[in-house]
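TrEMBL annotations:
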REPEAT    75-109  repeat 'PPR'
REPEAT    110-144  repeat 'PPR'
REPEAT    145-178  repeat 'PPR'
REPEAT    179-213  repeat 'PPR'
REPEAT    214-248  repeat 'PPR'
REPEAT    249-283  repeat 'PPR'
REPEAT    284-314  repeat 'PPR'
REPEAT    342-376  repeat 'PPR'
REPEAT    377-411  repeat 'PPR'
REPEAT    412-446  repeat 'PPR'
Amino acid sequence: IIFVRNYYNISQLESFVRDECKSGKIKKLDDGLRYFDQLIQERPCHVLGSLSKIKCYSDVIRLYKKLSLAGVQPDTFTFSILINCCCGLGKVDHGFCLLREILKRGFYPDTVTFTTLIKGLCRQEKINCAFKMFDKMTKTGIQPNAVTCNTLTHGLCTTGQEEARRYFDEMVDRGISPDTVTFNVLIDSHCKDGKTEDAWGLFKLMEKINIKPNLITYNSMMDGLCLVGRLPDAVKLFDSMVDKGLEPDDFSWNILIDGYCKNRKLDGAMQLFKKMKQNGLKPTTVTYNILLRGLYQDGRMKTANNLFNEMLTMLDGYCKNGKIADAIELFESIETTGISINVRMYSILIHGLFQAGKLEDARKLFDKIPRNGLVPNEVTYTTMIKGFFRNNMLLVANSLVSEMEEKGCLRNARAYDTIIGGFLVAKENAKALHFLRKMLERKFAPSDSAIYLLVTLQAIAASRVVAITECGLLSDGGTTEA
């Protein structure tokens with residue numbers, strides 16, 4: 001984004017900001033705030049609209065208050081944005097207060113204003129109130145658009161398909177053309193309720209009235225077919241979608257893979273999994289979980305274990321690349337499947353949490369290991385100790401070192417290196433030397449970095465002794481003079 005100081009003419013700036021907002025380039029709160037103060041004497045509604053689209057609802061309301069204090073008068077567009085924010089925050093009653101304010105000021109609410117309130121009511125499952133609002137809208141001569149009708153259709157689907165379908169037919173009778181979104185809402189709802197034939201009828205109707213199904217339509221229909229065991233029909237639909245030039249996404253592949261697994265056709269599921277990767281799509285956590293569940297249930301332990309190792313690599317990759325949120329999501333998704341998580345997986349995530357500075361989360365995860373019937377190994381302990389030393393939590397690190405010794409987990413050179421290095425950096429030289437002696441007794445060789453640290457610290461200590469001696473503060477015997 002170009003900085004506002006490059007624009008000396010406010011109209012030029014307003015025009016530029018409007019273009020930025022319409023193109024969707026304002027994706028973060030900071031991007032919008034960058035322009036707000038400069039535009040406050042003009043009409044910063046486009047900035048407010050963009051911030052509303054990225055769900056910064058509370059911030060939009062706060063900025064509106066700032067506008068009011070500056071004496072900037074709102075228009076219908078501004079009020080519509082504010083109503084959307086109130087509905088987004090679940091405060092539809094505040095939205096109606098704003099509608100009254102619009103009328104009090106002599107403005108006329110438009111289709112967007114009414115549709116926003118209808119959407120807010122539908123979100124709260126107040127469908128009857130939403131329809132009353134719809135009737136009020138049409139009686140005042142304001143024409144509903146496809147978005148209004150889609151909103152009501154979606155709301156009705158939460159209460160039952162019959163009502164939704166009746167409204168759909170009524171909408172067509174009124175001359176309001178349904179669009180792809182309308183059909184998607186109905187098809188998805190019918191499929192989820194197992195009414196696949198009704199969904200299929202709607203799908204065929206789309207083709208008849210020249211409305212092109214999109215990826216969402218195909219995915220919903222394929223999912224519905226798989227849910228009622230019509231896997232061959234779902235596969236045909238998948239192939240038809242590809243033939244028509246639509247690229248399957250991860251949802252498309254996951255739906256079919258899940259369909260194959262539920263039909264105990266694991267070879268077909270694995271072939272699809274390979275094809276998915278060949279087509280350049282990365283399998284998601286959902287893909288892995290579907291396959292693992294299917295493979296374990298079918299007793300294919302070797303294939304399942306190979307796949308599980310792929311997930312470990314994926315988890316490790318997320319942690320090493322700083323994608324800790326993705327790593328946590330993957331870990332938690334595996335937990336929900338009932339697949340046993342091993343200590344190695346805990347160790348990988350604990351390391352990632354320390355790297356991300358989430359010490360408390362790492363600690364909680366470590367405490368969870370014994371509760372799940374597992375025993376931390378030397379890698380887990382070493383990871384924890386290293387993390388605590390790096391964050392100057394010496395007492396906790398020391399306690400874990402003692403626990404590690406008691407449980408006989410001090411079994412490799414790397415663990416000793418970590419402990420020795422941690423104590424040396426903390427200037428606990430006696431403890432460091434204690435573990436160095438133990439390390440050598442067990443015929444383990446300290447690493448170059450540990451030796452370097454030891455030599456460096458000894459050199460520093462020696463130079464201090466020399467300096468003190470030269471100042472005459474130490475006698476030849478090494479004691480201070482009286």
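Backbone N, Cα and C atoms are what each Cβ position is placed from, and that goes for glycine too.
Beyond the ends of the repeat 'PPR' (284-314), by six or more residues, the same chain brings 250, 253-254, 257-258, 260-262, 264, 266, 269-270, 273, 276, 329-330, 333-334, 336-339, 344-345, 348 to within a C-beta distance below 8 angstroms of the stretch. If you look at the repeat 'PPR' (249-283), the same-chain residues 6 or more away from its ends with a CB under 8 A from one of its CBs are 215, 218-219, 222-223, 225-226, 229, 231, 234-235, 238, 241, 290-291, 293-295, 298, 300, 303. Within the repeat 'PPR' (179-213), the DSSP-based counts of helix, strand and coil residues read 26 helix, 0 strand, 9 coil.
Below 8 angstroms of C-beta separation, residues 43, 45, 48-49, 52, 55, 57-58, 60-61, 64, 116-117, 119-121, 123-124, 126, 142 of the same chain, each at least six residues beyond the ends of the repeat 'PPR' (75-109), sit close to that stretch.
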